[in-house]
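Q: Before I ask anything, here is the structure I am working with.
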Amino acid sequence: MRLFIGLELPPSISLALADLRGSLPDVAWTAPESWHLTLHFIGEVTQPHQLEEIHHALCAIHAAPPLLELAAPGLFETHGRPARDVLWIGCAPDPALLHLRSRVRAVMNRILPATVPNSRRFVPHVTLGHLHNPGPELRQRWLATALPASQPQTVGHFTLFRSIRHADGPFHEALEHYPLPS
């Protein structure tokens, strides 16, 4: 089972982001029900006891609820074949968000250290799609995209997700919610 830990988007933020779908040609847009902000990617978990360990460790996390605020559009360029840049909208690096992520990484480092990369910089974002055959013009059009109007929203829980691969893109199933008391 392929797992990750993230934040589900408040409905008002999802509605605001929905206006961006279809704004560029040659993009495989991610389904809105799959939008999330990843805090930590775990990967394949094959042993039932590992899932139980993850659940117990996440239950022990105490952190303030983060504030999600949309920031600038961005992209991760890929250079493989075929090239498929990842299009995303950033989220402001709220101190509570950064603290929650550090708590999640700390508990995951304790129980599954191989899942915690050391060098990757955290870029809080929501993936909206993949640009096929990217070129400088399409990249610039995406980076110049105007942000949709939305108010910052507090997120009252984080989620353990299961990622299920399908031909038309991944589907993310919420396995468990972990409350963040305010």
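Cβ atoms here come from the backbone N, Cα and C positions, even for glycine.
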Q: Of 41-44, 65-68, 125-128, 177-180, which span is tagged motif 'HXTX 2' by TrEMBL?
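A: The range carrying the motif 'HXTX 2' annotation in TrEMBL is 125-128.
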Q: Ranges 24-27, 36-39, 108-111, 144-147: which does TrEMBL label motif 'HXTX 1'?
A: 36-39
Q: How do the residues of the motif 'HXTX 2' (125-128) split into helix, strand and coil according to DSSP?
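A: Going by DSSP assignments, the motif 'HXTX 2' (125-128) contains 0 helix, 4 strand, 0 coil.
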Q: Quick one: Cα separation, His125 (active site, proton acceptor) versus His36 (active site, proton donor), in Å?
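A: Spelling it out, the Cα of His125 (active site, proton acceptor) and the Cα of His36 (active site, proton donor) are 8 Å apart.
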